[in-house]
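Quick look at what Swiss-Prot lists:
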BINDING   C21, C24, C39, C42  Zn(2+) binding site
MOD_RES   S25  phosphoserine
Amino acid sequence: MAHENVWFSHPRRFGKGSRQCRVCSSHTGLVRKYDLNICRQCFREKANDIGFHKYR
């Protein structure tokens, strides 16, 4: 078995490795609330477009 066949061959069904950002495909800092699945950096950029507003 070559390294390419073994690398990432284990199925990722749950845990941090199974989810990624819709925008940038990052695995870190995901906002999963309301089924957004966007990392916090992309959320700050796209929040107004999605419909979130800061009231402060």
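Using the three backbone atoms N, Cα and C, a Cβ is placed for every residue, glycine included.
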Q | Other CB atoms, at most 10 A from the CB of C24 (Zn(2+) binding site) | A | 11
(Q) To the nearest Å, how far is the Cα of the residue listed as 'phosphoserine' from the Cα of C42 (Zn(2+) binding site)? (A) 10
Q) Near C42 (Zn(2+) binding site), which residues of its own chain have a C-beta under 8 A away, given they sit six or more steps off in sequence? A) C21, R22, V23, C24, S26
Q. According to DSSP, does C39 (Zn(2+) binding site) fall in a helix, a strand, or coil?
A. strand
Q) Does DSSP give C21 (Zn(2+) binding site) helix, strand or coil? A) coil
Q. In sequence order, which residues at least six apart in the same chain have a CB under 8 Å from the CB of C39 (Zn(2+) binding site)?
A. C21, V23, C24, S26, T28, G29, L30, V31
Q.
Neighbours of the Zn(2+) site C21, C24, C39, C42: Cβ within 8 Å of the Cβ centroid, same chain, sequence order.
A. Q20, R22, V23, S25, S26, G29, L30, I38, R40, Q41, F43
